[in-house]
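J.: Encoded as structure tokens, here's the structure I'll be asking about.
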Amino acid sequence: MAECKNQRKHVLLLAYQSFGMVFSDLSIPPLYVYKCTFSGRLRHYQNEDTVFGAFSLVFWTLTLFSLFKYVGFMLCANDNGEGGIFALYSVICRHAKFCLLPNQQAADEEISTYHSVGYSNRNVVSSRFKKFVEGHKKMKTALLVLVLFGAAVFITIAIFTPAISILSSVEGLQVRAKNLHHGMLVIIALFLLIGLFVLQHYGMHRVAFIFAPIVILWLLSIAFVGIYNIVKWNPRVYQALSPYYIYKFFGETGKDGWISLGGILLCITGTEVIFAGLGHFTASSIRVAFSFVVYPCLVLQYMGQAAFLSQNFSSVSTSFHSSIPDSLFWPVTVMATLAAIVASQAVVSATFSIAKQCHALGCFPRIKIVHKSKWLHRQTYVPEINWALMILCLAVTVGSQDTIHLGNAYGIACITGIFVTTCLTSMIIDFVWHKNLLVALLYFSFFGIIEIIFVSSSCMRIPKGGWVPLVLSAVFMSVMYVWHYGSRKKYLYDLHNKASMKWILTLGSDLGIVRIPGIGLVYTELASGVPAMFSQFITDLPTFYQVVVFICVKTVPIPYVSQKERYLIGRIGPKPYKMYRCIVRYGYKDVHENDDYDFENAIVMSVAEFIQLEAEGGGTLDGSVDGRLAVVRSSENFGKRFMMSESDGNKESSSWSYPASGSSSRSAALQKLKSMYELESPEFCNRRRIQLKLLDTTYKDSRVKEELLELLEAKDAGVAYVIGHSHIKAKWNATFWKRLLINVFLSFLRKNCRSPSVGLNIPHISLIEVGMNYYL
């Protein structure tokens, strides 16, 4: 009983918090839906039936899409509790052979969250359609392009949401200040937009606690205004809840009514955020908040506005603000502006997450992803995306200077994104849930046909601003696909040209070079074999570190990978070679470690655990072994064979000091250079440093202890990060289009994005870059 009560409290708490992050965007459209709906020739139909018909369309559109499709159905199509377009794609890829990600291994399928409970039965016979798609590479590419287009559309939505939300919220000032020039409203909106994006840079954690109260007060305010207008102007408006008024609406307005659907669909802008924000909350909390607060408040507001317009059609351009009672005008207007800012913040924050997921899946140029522990849980910030959104948002605001033109663009972007989601969900019904193909077709036919009708109406608005989101989405999608194409071709080149193990073995345990104290972490995209970069390095410069660890940082198509399952460790060659492989697995929503010392210690401890497990017979807690690779952190004894000493900056926090074997391995000049670098770099001042010491444990094989001591001594001597500095060109005999794609577009993106060391959080002082030429 107590557990049930606590669970209810938890659901209610999450429902309360969801207002600020999930429903803020959906609560803003009452500001401009009717204005955009009656912006065309529909304004000539100034009668009650037309207004009631418009409200009936708004009500049933909101009910079918927001309530039934997203809140009722889409929340079930989650990926281990995560929502969004990449969650749908990842679920499909895990249960069908559609994934185009490199480095996929059988061991990835053994991750505990890879196969969701109740999602799929691997023994179920695949449908013919699934087998057909799996057997055609072009179909896989088409699916990826569809997903990238959906992600590009979401980024475009993040450009128009702040613009239309904030501009429409301040337009109400003209209701009271008749002499206020419209240009002044645009300037006010521009200042608010600049403030919004500048605040992103500092993190919204300081003010995030007021987001939910603002949206709740806003929803209650517009619900009260709606009830007031129903009672005062036209109590009969409730009759428009009947779909019969939709029939009357189209019967009277004909083509003009069909064109007006581009304005009607604005009432569901923000529904994508409901699904995308699922990871922060639970499906039950979102359903409670929407069903009992958001949906009733929005229906009352739209109904109240319709009642007001049925008697005051001349005020359609300012219908929301004109319908507010005089005594509540300024409080509601202030609340509208605050709610618009919160809605914009929610969409921008979701866009950072989308860009991060694209980057994780190898479909976005290298960007800097910032996450601080003092920020909100899982909140990320991407500087490049933030400033690009700000510039584009300001540009569309200045370029349109009107809510109607922004609405034309916003509507077509939103309905396109919703249609992409419908396509992917239909595939999940067939491929993942193993329902009859007819069920998937019925789902697609019902929602898809309605969405196509809305899209066809929106296409009539392309000349009036609707072309802008299409162009922007095409540009964003092209950037993503070009980057994915280049990354995949580069990976296949590495795979084809990796060094032969036979050649490595013929070199002997010293690899035919001088082995110096220290650990060399060689980054490669290959999950097996030795990269050509390493063979080129030891050929050109016949010296390398005493211990070599090949690091492969990869993304698996699941949201998160637990720390226990993150590291796969194996050995390359015989033991005297001291060469290891470490595959670091992240989910597409995981935040990478920012502390290189933590990462170094995690690698060293994982390799040490592998050495001991190997000596004990290779067993792990779960028996989770992939050939010569083992999930070492699942061992019960992981980390228990070492003593850890933590120091802060230059100040030791432990009584013992580590042997200075590494100090002698470096020249005095290098030691001085490193000391100067650390003193001049602010990030080194309060840096947390952890040293490891092997406990006095008895080993059956003395060689195991020797290997562990050598590993720790090598770590103390220093850790170097070796990555490839790639120069990519198309082959001389490549087609014109391939040369254009690689030599021009891909080259431009690579020159203007972050370096690999930034994304991998590699300290400059420890970085070694190896030049590599790629001819694709």
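Even glycines carry a Cβ here, placed using N, Cα and C.
These came from TrEMBL, pasted as-is:
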- 12-32: transmembrane segment (TRANSMEM)
- 14-505: domain 'K+ potassium transporter integral membrane' (DOMAIN)
- 52-71: transmembrane segment (TRANSMEM)
- 141-168: transmembrane segment (TRANSMEM)
- 180-200: transmembrane segment (TRANSMEM)
- 207-231: transmembrane segment (TRANSMEM)
- 258-281: transmembrane segment (TRANSMEM)
- 288-308: transmembrane segment (TRANSMEM)
- 328-348: transmembrane segment (TRANSMEM)
- 410-429: transmembrane segment (TRANSMEM)
- 436-454: transmembrane segment (TRANSMEM)
- 466-483: transmembrane segment (TRANSMEM)
- 517-775: domain 'K+ potassium transporter C-terminal' (DOMAIN)
J.: What else in the chain is close to the transmembrane segment (288-308), if you only count residues 6 or more beyond its ends and a Cβ gap under 8 Å?
T.: 11-12, 15-16, 18-19, 22-23, 26-27, 30, 33-34, 51-52, 54-55, 58-59, 62, 66-67, 71, 216, 219-220, 222-223, 225-230, 232-235, 237-238, 240, 267, 274, 315, 319-320, 322-323
J.: For the transmembrane segment (52-71), name the stretch out of 141-168, 180-200, 328-348, 436-454, 466-483 with the most CB-CB pairs under 8 Å.
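T.: Per the Cβ under 8 Å count, 436-454.
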J.: Grab the same-chain neighbours of the transmembrane segment (12-32) for me: Cβ-Cβ under 8 Å, and only residues 6 or more beyond its ends, written as numbers and ranges.
T.: 66, 161, 164-165, 168-169, 208, 211-212, 214-216, 218-219, 222, 266-271, 273-274, 277, 280-282, 285-286, 288-290, 293-294, 297-298, 301-302, 305, 320, 336, 339-340, 342-343, 345-347, 349, 403, 407
J.: Which stretch from 141-168, 207-231, 410-429 shares the most C-beta pairs under 8 Å with the transmembrane segment (180-200)?
T.: 141-168
J.: Same chain only, please: residues at least 6 beyond the ends of the transmembrane segment (207-231) with a C-beta under 8 Å from a C-beta of the stretch. Say none if there are none.
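T.: Same-chain residues near the transmembrane segment (207-231) but 6 or more away: 16-21, 23-24, 27, 30, 199, 237-238, 293-294, 296-298, 300-305, 307-308, 323-325, 328, 331-332, 335-336, 338-339, 342, 345-346, 376.
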J.: Using a cut-off of under 8 Å between C-beta atoms, tell me which stretch among 141-168, 410-429, 466-483 contacts the transmembrane segment (436-454) the most.
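T.: The stretch I would name here is 410-429.
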J.: Sequence-remote contacts (6 or more beyond its ends) of the transmembrane segment (410-429), Cβ cut-off under 8 Å?
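T.: Distal contacts: 36, 65, 73-74, 77, 85, 88-89, 91-92, 143, 146-147, 149-150, 153-154, 156-157, 160-161, 164, 262-263, 265-266, 268-269, 271-272, 275, 435, 439-441, 443-444, 447-448, 451-452, 454-455, 458-459, 461-462, 466, 469-470, 473.
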J.: For the domain 'K+ potassium transporter C-terminal' (517-775), what's the model's average pLDDT?
T.: 76
